[in-house]
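Encoded as structure tokens, the structure appears first; notes follow it.
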There are 2 protein chains.
Amino acid sequence: MLEKKFISTIRKYSLINPKENVLVALSGGPDSVTLLYLLLKLKDKLKVNVFAAHLNHMLRGEESDRDEEFVRKLCNEWNVTLFVERRNVKEISKGKNVEAIARKERYDFLRKTLKEIGGGKIATGHTASDLVETVLLNLTKGTGIRGLRGFLPKSGNVIRPLIEITRKEIEEYTKKEKLPYVIDSSNYDKSFERNLIRLDVIPVLKKINPSLESAFLKTCETLRLLEDFLNKEVETVIHAWTEKDEIKIPLQTFKSLHPFLRREAVQKAFEQISGRKLSFKNLLDIEKLADAEGYKEIHLGSGFKAVKEDNTIKIRKEQEKPKSFSFKVTKIPTTLHTPLYTLHFAENEGEPLLPITQFKEKGITVRNRKPGDKVNLGKFHKPLKKLLMEKKIPPTLRWQIPIITSGEEIIYIPDVFKAYIKGKPFVGVKVEKRETEKTDS
Amino acid sequence: MLEKKFISTIRKYSLINPKENVLVALSGGPDSVTLLYLLLKLKDKLKVNVFAAHLNHMLRGEESDRDEEFVRKLCNEWNVTLFVERRNVKEISKGKNVEAIARKERYDFLRKTLKEIGGGKIATGHTASDLVETVLLNLTKGTGIRGLRGFLPKSGNVIRPLIEITRKEIEEYTKKEKLPYVIDSSNYDKSFERNLIRLDVIPVLKKINPSLESAFLKTCETLRLLEDFLNKEVETVIHAWTEKDEIKIPLQTFKSLHPFLRREAVQKAFEQISGRKLSFKNLLDIEKLADAEGYKEIHLGSGFKAVKEDNTIKIRKEQEKPKSFSFKVTKIPTTLHTPLYTLHFAENEGEPLLPITQFKEKGITVRNRKPGDKVNLGKFHKPLKKLLMEKKIPPTLRWQIPIITSGEEIIYIPDVFKAYIKGKPFVGVKVEKRETEKTDS
């Protein structure tokens, strides 16, 4: 019965290809011993080469060494090539997040060993009972679809052939087949969250439904199928959005998507360009962006921002501050190229800037803005930043717009500010937009 | 704090419209008392008319009467119109499924009362803590998205304004506001599954995550959004499939759909035409149908079947057996109209049926098949049903095809069977397909 189920799981999820190596992650506990035993017993039927690997995490003192000794003896008796390594997890982790580090070290060791035997699959002893624990633990801490469906029968080259077999079935089988195993005493330590779930929660739920594992298996299978469907929907949607390291979503598309799909798609697209995740608040802020009037940008943290411009939502890296510039004009006529504009200075031509006498005395400096810049509005001074915001100059342009000054005074900013009232002879400026410069490309 | 949360939930889910009646389902316990109190306190702000209704289920003897007495007194003091009814649930349910019947009776009473006050909303005291219990209970018994997201803040005219408030918050609030309430002693009866979850499971999970309710609320909110997305996807897909009481899915569409969406869509479409649900096995069988060669049909139970024909999957009611027919031919030439074919009988013309002498003696009878019909293959008899299957005559046609007999013997079936070897003079038949008759329209 158990053997049949084992084979059916392997077939159902295509866990193993014929002639493949299977490396069993062997702790020495009943699950991994049963896994190794089943693979050896069905080796010819499944056409696989079976290996075992044991990492001594050195977390339980003598008990850890006893386990290592046990698996060495077992593999010797069962005639299985065993790889063993010792890593002092407590030392590596410095006491922090011991469980997570142990897991990381273990998989690192397993992957390294798999390479040594020429590739194949890593098989772990996770059972249906482990799946129930994992799902309940995730749900308790708050989770989405991924957490609710728990671990997978196959992820990459890691396979879990016992995923449809319960702990009780394993117990009965080890008894029937007289399999030896060791017990990890930390399984009873209730300072581990998982043990609380296993020892105190699941027995109560089993009073309600003795076939708890089978109920969870069904739910998880539906959720895996759902997750696959959603992934494909999301891929279809974001395919057209991402360009190297930028996301561009036409506003119309953005608004027409169902909020669920939209959030999933924005999240996935962001992961692709940044390798990071957006917070839930980030996602809500980006949604609000779509309703903003005109240009708007928000900072997403970790060096990224979302921008609404040209009927498009764009997500990209924050731009480094553009290079600062400063040009001194001492004679006219002069033509000056700044990032956004070309400026032609001449006598009595164009927009009047200042009397020629003052120009001769103090000259003109054209530069980008500096923090603290203020403009003189006659009765009071206004921070330049505020003025630029009022004039709706996009933040990306604020550091590039040319500020024309004389002495300490700001006398002219194209499209934004004009101080001088005409009176000849004056120095004037003709302003020409440089169309070739695009800031968002 | 709690009042703010209460209003924010009402706004967030648009639970109540201004000037609406709100009928509180008042058990007398802390949740429903708090709900009534909050609605009364915020009556002007929310612009609502508050009513209360209490069903005495007569399940807990004197305690039930004490509760009725309590809510009568409370509503009198608080100046609220209260509707009370007594229904003997134990008697109605005859001891079976008491909880479900109690619920049904309660909602029936609430809906009836709502009508009496001229419509509005029914407000129940379900809290975030109830939501956690419901989700855990559903998960334990095996469930899908709908079970995992638990009850809704609003479904039809039933609203749950306390859905984001925990039992602990209610307790603190009742203490602070000195609200009176009664305790339902059956809340501690561990023969109720829900009580097992509340008393024995949740306290353990709270050791792992003290903000358990808030974690569940977030998960449920995501799942509600997901469910809405899926519903809309399914609606889009099945829109083109259903015609009155039949589903027609082009095979190409059927195969191109993601299995998850396909199952959801088939299920929903079936519900629309039948008001029933397909079993998981039904769904798998329908999927297999898509790969069948030629015509195939399967029975879905409850009078429905799924058919593969003409590159289409069709789901419809099982056809009643077509009317039986039987014509006696005693003179030739004769023309006969049967459901599928028109038959011209004449001397020495068409397909030979039998010697003219035998015709004169026994005549010819044309009829539809009867159970037990056999054809004479010389060396042995074969069941007609078997022959029709071998000849791949679709089951829908098997009862309509004309069986030409003489005496007890089947002598001819168009496209299927021919007994007589030529020899003049004979009675022959010319067969003409009646194109106007379609069996699947």
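Here the Cβ of each residue, glycine as well, is placed from N, Cα and C on the backbone.
Here is what TrEMBL says about this protein:
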- A:S27, A:G28, A:G29, A:P30, A:D31, A:S32: ATP binding site (BINDING)
- A:364-433: domain 'Lysidine-tRNA(Ile) synthetase C-terminal' (DOMAIN)
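This view paints the features noted in TrEMBL onto the structure.
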{"residue": "A:S27", "record": "ATP binding site", "Cβ contacts under 8 Å, 6 or more apart": "A:H54, A:D67, A:V71, A:G125, A:D184"}
{"residue": "A:G28", "record": "ATP binding site", "Cβ contacts under 8 Å, 6 or more apart": "A:H54, A:D67, A:F70, A:V71, A:L74, A:Y181, A:V182"}
{"residue": "A:G29", "record": "ATP binding site", "Cβ contacts under 8 Å, 6 or more apart": "A:G125, A:Y181, A:V182, A:I183, A:D184"}
{"residue": "A:P30", "record": "ATP binding site", "Cβ contacts under 8 Å, 6 or more apart": "A:I170, A:E171, A:T174, A:L179, A:Y181"}
{"residue": "A:D31", "record": "ATP binding site", "Cβ contacts under 8 Å, 6 or more apart": "A:G125, A:H126, A:T127, A:D130, A:L162, A:R167, A:I170"}
{"residue": "A:S32", "record": "ATP binding site", "Cβ contacts under 8 Å, 6 or more apart": "A:V24, A:A25, A:L26, A:T124, A:G125"}
May I have the list of same-chain residues other than A:S27, A:G28, A:G29, A:P30, A:D31, A:S32 whose Cβ is within 8 Å of the Cβ centroid of the recorded ATP site, in sequence order?
A:L26, A:V33, A:T34, A:L35, A:G125, A:Y181, A:V182, A:D184
Counting by DSSP, what is the helix, strand and coil composition of the domain 'Lysidine-tRNA(Ile) synthetase C-terminal' (A:364-433)?
11 helix, 29 strand, 30 coil
Helix, strand or coil at A:P30 (ATP binding site) [DSSP, three-state]:
helix
